[in-house]
Amino acid sequence: MKIALLGYGKMGKAIEEIAINRGHEIVLRVSEDIEAYNLDELEIDAAIDFSIPKAAYKNITTAFKHKVPVVCGTTGWLDDYEKVTKLCKEEDSAFLYASNFSLGVNVFFELNKKLAHMMKGLDDYAVEIEEIHHTEKLDAPSGTAISLAQQIIAENPNKNGWQLDHADKDEIPIYAKRIKDVPGTHTVSYESKIDTIEIMHMAKSRQGFALGAVIAAEWLKDKKGVFTMRDVLSSLF
Ligand SMILES: NC(=O)c1ccc[n+]([C@@H]2O[C@H](COP(=O)([O-])OP(=O)(O)OC[C@H]3O[C@@H](n4cnc5c(N)ncnc54)[C@H](O)[C@@H]3O)[C@@H](O)[C@H]2O)c1
Ligand SMILES: O=C(O)C1=N[C@H](C(=O)O)CCC1
């Protein structure tokens with residue numbers, strides 16, 4: 001496949017290495033305003049966006065206009081998600097966003113949903129989420145922590161939202177910590193006076209995120225519509 005990297009930072013470089021090892025060609029590396037690049041002559045099969053929150057919307061929608069399918073891992077731009085999916089359908093293009101592309105986190109998501117379902121009637125337990133990432137991360141809380149909160153809210157009628165650092169009784173608190181070089185650690189805890197139940201995922205490197213993004217791009221090629229990582233991994237879950 002011919003791949004365009006929209007964002008060529010820590011993740012862009014990790015994706016490049018894995019994509020080349022899997023036989024793909026990187027035909028474009030975008031590091032600034034996408035309008036500075038010519039997308040038309042490159043016959044791009046898929047774009048993979050790991051850029052910055054304020055660039056993601058323009059990158060994604062520009063790719064759609066050039067009939068290029070987009071895999072997006074950039075977090076912190078989701079206020080525009082509905083607009084993006086509408087435009088994807090209007091342009092007859094293809095789009096796949098995941099807050100976290102690693103297989104391990106996608107297994108963790110399924111565990112989180114199952115645990116939330118089991119805990120929803122147990123009022124003695126208070127739920128909270130903690131995420132830890134490297135100090136260069138621009139957004140807080142992480143996209144993954146938001147996904148975890150949304151999964152719990154979908155299962156538990158007593159929870160209506162989440163908040164960073166504190167929460168009302170009907171909300172889930174998310175605590176975001178920044179520590180040098182941490183690739184990404186997420187913990188969901190249920191605490192009562194008697195005990196604590198915890199599930200945790202700790203990434204050891206960026207390799208899992210990058211591999212998942214390349215697999216998603218391979219899967220998305222020649223498809224039309226809006227998809228999630230659950231579609232890619234449907235044979236597993
Ligand atoms: N979904 C996942 O699995 C996953 C995993 C890791 C990181 N992320 C997310 O991916 C994003 C990138 O993470 P990173 O660690 O590579 O960050 P990074 O800061 O290392 O890289 C971002 C790059 O984007 C570039 N950039 C700036 N403006 C741009 C523009 N207009 N168009 C394209 N690129 C532009 C910057 O020059 C920088 O090199 C973040 O939002 C992060 O939260 C998601
Ligand atoms: O390094 C980052 O930034 C990460 N961002 C994603 C998030 O916000 O959940 C995934 C984990 C790494």
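From the backbone N, Cα and C atoms, a Cβ is placed for every residue, glycine too.
Taken from TrEMBL, the feature domain 'Dihydrodipicolinate reductase N-terminal' applies to 1-101. The feature NADP(+) binding site is assigned by TrEMBL to Arg29. The NAD(+) binding site annotation in TrEMBL covers Gly73, Thr74, Thr75, Ala98, Ser99, Asn100, Phe101. If you look up TrEMBL, you'll see 104-233 marked as domain 'Dihydrodipicolinate reductase C-terminal'. What TrEMBL records for His133 is active site, proton donor/acceptor. Feature annotation from TrEMBL assigns (S)-2,3,4,5-tetrahydrodipicolinate binding site to His134, Gly143, Thr144. According to TrEMBL, the active site, proton donor annotation covers Lys137.
Compute the center of the Cβ atoms of Gly73, Thr74, Thr75, Ala98, Ser99, Asn100, Phe101, which mark the site for NAD(+); besides them, the chain residues with Cβ within 8 Å of that center are Cys72, Tyr97, Gly143, Thr144, Phe209, Ala213. DSSP classifies Gly143 ((S)-2,3,4,5-tetrahydrodipicolinate binding site) as helix under the three-state reduction. Take the binding-site residues Thr75, Ser99, Asn100, Thr144: by the count of other Cβ atoms within 10 Å of each Cβ, the lowest one is Ser99. Among the binding-site residues Arg29, Thr75, Ser99, Gly143, the residues whose Cβ lies under 6 Å from any atom of ligand 2 are, in sequence order, Thr75, Ser99, Gly143. Restricting the average to the domain 'Dihydrodipicolinate reductase N-terminal' (1-101) gives a pLDDT of 97. Proximity to ligand 1 at the level of Cβ atoms, with a cut-off under 6 angstroms, picks out Gly73, Thr74, Thr75, Asn100, Phe101 from the binding-site residues Gly73, Thr74, Thr75, Asn100, Phe101, Thr144.
Residue pair Gly143 ((S)-2,3,4,5-tetrahydrodipicolinate binding site) / Asn100 (NAD(+) binding site) shows a Cα separation of 7 Å. Between Thr74 (NAD(+) binding site) and the residue listed as 'NADP(+) binding site', the C-alpha separation comes to 15 Å. Taking the C-alpha positions, the distance from Arg29 (NADP(+) binding site) to His134 ((S)-2,3,4,5-tetrahydrodipicolinate binding site) comes to 24 Å.
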